[in-house]
Amino acid sequence: MASDTTVPSASEMKPAGAQALREARSDAGGPPVKRYTLRDTLIDAVGAALLTGVLGFFFLALRTEIAPGGLDITTRWVLWFTAVAIVFVGRLLLNLFVFRTERPITRRLRRSSGGKVAVRPGWVSRAIAIALFAIAAFLPFLIMAIFPGQQRQLIDLSILILTYVMLGWGLNIVVGLAGLLDLGYVAFYAVGAYSFALLSTHFEFIGFWTALPLAGMLAAFWGLALGFPVLRLRGDYLAIVTLAFGEIIRVVLLNWYEVTGGPNGISGVPKPTFFGYEFTRGEDGASALLGLEYSTIHRFIYLYYIIFLLALLTNFVTMRLRKLPVGRAWEALREDEIACRSLGINTTNTKLTAFSIGAMFGGFAGSFFATRQGFISPESFTFLESAIILAIVVLGGLGSQIGVVVASVVMIGGIELLRNVGFLGNLLPGFDPVQYRMLIFGLAMVAIMVWKPRGLVTTRTPSAVLKEQKKIGADMVSQGEGH
Amino acid sequence: MAQPLLSVSGVETYYGKIVALRGVDVEVNPGEIVTLIGANGAGKSTLMMTICGSPQARTGRILYDGTDITRMPTHEIMRLGIAQSPEGRRIFPRMTVLENLQMGAQLVAPEHFDSDLKRIYELFPRLKERASQRGGTLSGGEQQMLAIARALMGRPKLLLLDEPSLGLAPLIVKQIFEVIRELNKSEGLTVFLVEQNAFHALKLAHRAYVMVNGRITMSGTGAELLKRPEVRAAYLEGGAH
């Protein structure tokens with residue numbers, strides 16, 4: 001091949017090929033593409049509605065009830081009519097956009113989201129990134145301006161989401177980059193939380209800021225302690241051992257009554273201070289120091305910025321590490337462990353660094369959790385937490401930093417949002433959607449995995465480039481390869 | 001002759017209770033291309049992996065450049081100047097070609113990187129064209145080139161190649177063997193090549209060993225072995241192309 005021929009990038013080749021294939025098929029007189037008119041579509045929808053009407057007549061419209069002297073028939077025309085209308089409109093929309101159109105919207109959706117990466121000018125994506133970052137940076141003030149009535153709950157929810165973003169980023173180092181399936185990540189979260197709680201309740205002089213690095217170090221130490229014996233295991237076996245480790249930590253916390261308080265937990269964990277000043281009412285509070293009138297919301301805003309900075313730190317460190325040899329070794333390890341060893345990489349040390357750095361960020365997040373709640377107990381560190389954090393990483397797209405953010409907002413925000421959908425119950429009597437919150441949520445997760453099997457953000461930006469940065473769609477490599 | 005660069009003496013390797021190598025002696029001198037041919041399951045790849053320390057030899061000794069590497073962990077062996085292009089290529093499929101090459105240069109001082117990369121791109125112009133493409137999207141031949149290139153980025157004194165012709169078109173095999181010959185001639189790179197493609201391997205190699213059932217049964221120069229009727233009967237009939 002002559003070196004000056006331009007090689008079309010792989011992402012361009014595929015759709016073009018598919019296009020050509022489609023054209024070839026229509027030329028060869030394959031199944032003829034039928035053109036649908038609006039009339040056909042309407043008739044089809046009316047047909048479906050009629051069918052619903054007939055089928056549903058005895059089930060929906062009529063209802064027999066035991067009445068004195070026999071059965072009594074009540075009619076429920078509204079319900080029957082609603083069902084017919086839903087089928088009619090649904091069928092019509094499906095016909096218009098999916099079934100009876102030459103360009104189904106599902107295909108367009110797939111094209112715009114998965115597979116081929118939309119070619120967007122660099123400045124547009126940069127502008128979007130800056131805008132999103134600015135929103136995140138001023139979120140508490142935006143919330144106060146837009147939803148003054150709910151500011152406390154909303155800022156609290158943002159703090160919660162950011163905590164999970166940070167945990168997701170921490171776990172992303174272990175699972176996403178190094179490819180080590182860790183089902184017990186919550187153990188390090190717990191170690192961080194209890195380290196801070198115990199240190200601060202036993203020693204007067206230790207506050208949030210002094211305990212934070214100590215909690216991170218202790219969590220990293222436990223990461224090493226767990227890592228040494230188990231990291232020779234791989235895949236499923238590693239997952240089981242980490243799962244067990246997470247449970248061991250929780251059970252120890254539950255039963256070591258003298259130290260951890262057992263199921264009663266530890267209360268009175270100090271709040272974070274602002275350069276030594278607490279957010280309290282009065283002359284010596286941080287609000288007074290800043291020249292503001294005291295309000296309870298100040299403490300929430302302060303907490304928001306603490307977790308915002310901690311999460312940014314996690315992201316920054318991860319992004320830098322990815323460009324260093326150790327970070328690239330993590331990614332190589334995920335792809336092929338044997339090849340790594342053949343290149344002279346000490347795989348044990350590489351895994352241990354991933355494990356302990358991931359654990360360290362879990363520890364940071366844990367001590368933040370303790371200071372935010374003011375009270376911790378083993379109940380907060382169950383396997384469900386590990387599962388949620390892992391789900392965030394997997395749904396976001398393994399190894400993708402922005403994916404973790406999207407998934408955290410969707411998952412944590414979604415669970416909270418579903419608490420507020422009681423109004424839907426008015427549509428269908430006897431159905432309370434709030435009761436089915438977790439079911440709906442699970443279905444949504446399944447839907448995401450069907451729609452985007454490799455997570456919401458599947459592109460991987462190479463950490464080394466020659467001239468221009470080019471993202472590569474994940475579908476170019478078959479799923480599960482390199483594990 | 002000078003001290004051999006690699007000397008394997010009396011090596012026995014087991015997979016559990018199953019014996020894979022039954023006392024193997026192989027020597028590779030500096031600047032040589034030595035090939036090891038044999039049928040499927042003869043133990044060729046096991047010998048290659050035993051040299052790399054995974055699995056480790058139960059008895060016998062492996063000396064590299066005067067150092068006993070028999071009991072060393074793999075990553076330390078690879079740091080002594082041995083590079084391996086493993087069987088089945090084992091490139092990193094989701095990393096770009098350039099990142100794959102960087103992985104190969106992990107242990108080399110960074111100031112060599114640019115000049116080494118340039119040299120690799122001269123040897124394999126195809127890799128330059130594909131530098132920002134994912135490893136997994138390359139064709140089989142390109143992946144094999146990448147695997148060899150990645151090994152070369154580590155500036156090895158001894159290059160171990162495990163079946164570089166596996167599953168490749170004859171033309172690509174020819175190209176790859178040409179590059180190996182070129183590297184050996186121009187830079188004096190020592191190559192130890194494990195191959196099923198006996199005809200090409202014997203033509204390329206200075207010396208060769210034949211392995212049957214975990215034992216070395218024959219050795220000699222490549223040209224000698226090519227003429228031996230038993231070699232022809234076992235490995236070459238119908239296979240020459």
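Going from the start of the chain as shown, residues are counted 1 onward.
Using the three backbone atoms N, Cα and C, a Cβ is placed for every residue, glycine included.
From a predicted model like this one, the values you see are computed outputs, not experimental measurements.
Positions annotated as region 'Disordered' by TrEMBL: A:1-29.
Taken from TrEMBL, the feature transmembrane segment applies to A:42-62 (among others). If you look at the transmembrane segment (A:42-62), the same-chain residues 6 or more away from its ends with a CB under 8 A from one of its CBs are 73-77, 79-80, 83-85, 87-89, 91-92, 95, 100.
The feature transmembrane segment is assigned by TrEMBL to A:77-102 (among others). Beyond the ends of the transmembrane segment (A:77-102), by six or more residues, the same chain brings 33, 35-36, 40-42, 44-46, 48-49, 51-53, 56-57, 60-61 to within a C-beta distance below 8 angstroms of the stretch.
Under the heading transmembrane segment, TrEMBL lists A:123-147 (among others).
Panel annotation: around the transmembrane segment (A:159-178), residues 185, 188-189, 300, 303-304, 307-308, 310-311, 314-315, 318, 321-322, 327, 330-331, 333-334, 350-351, 354-355, 357-362, 364-365, 368-369, 372, 388-390, 392-394, 396, 398-401, 404-405, 407-409, 411-413, 416 of the same chain, lying at least six beyond its termini, place a Cβ under 8 Å from a Cβ of the stretch. Positions annotated as transmembrane segment by TrEMBL: A:159-178 (among others).
Under the heading transmembrane segment, TrEMBL lists A:183-200 (among others). Long-range Cβ contacts of the transmembrane segment (A:183-200) within its own chain (Cβ-Cβ under 8 Å, at least 6 residues beyond either end) map to 167, 170-171, 174, 206-208, 211-212, 214-216, 218-219, 222-223, 226, 239-240, 242-250, 253, 259-260, 266, 269-270, 358-360, 362-367, 369-371, 376, 378, 380-383, 385-387, 389-390.
Proximity of distant same-chain residues to the transmembrane segment (A:206-225), defined by a Cβ-Cβ separation under 8 Å and at least 6 residues beyond the stretch ends, is recorded for 187-188, 191-193, 195-196, 199-200, 249, 270-273, 352, 355-364, 366-368, 371. What TrEMBL records for A:206-225 (among others) is transmembrane segment.
If you look up TrEMBL, you'll see A:237-257 (among others) marked as transmembrane segment. Long-range neighbours of the transmembrane segment (A:237-257) within the same chain, counting only residues 6 or more positions beyond its ends whose Cβ lies under 8 Å from a Cβ of the stretch, are 180-187, 190-191, 194, 222, 226, 230-231, 263, 378, 381-383, 386.
Below 8 angstroms of C-beta separation, residues 136-137, 139-141, 152, 155-156, 158-159, 162-163, 165-166, 169-170, 172-173, 177, 272, 274, 279, 286, 327, 357, 361, 364-365, 368, 371-372, 401 of the same chain, each at least six residues beyond the ends of the transmembrane segment (A:300-318), sit close to that stretch. Positions annotated as transmembrane segment by TrEMBL: A:300-318 (among others).
With a threshold of 8 Å between CB atoms, the same-chain residues lying at least 6 positions outside the transmembrane segment (A:387-414) that come near it are 157, 160-162, 164-165, 167-169, 171-172, 175-177, 179, 182-183, 185-186, 315, 318-319, 331, 334, 441, 444-445, 448-449, 452, 454-460, 474. According to TrEMBL, the feature transmembrane segment maps to A:387-414 (among others).
The transmembrane segment annotation in TrEMBL covers A:434-451 (among others).
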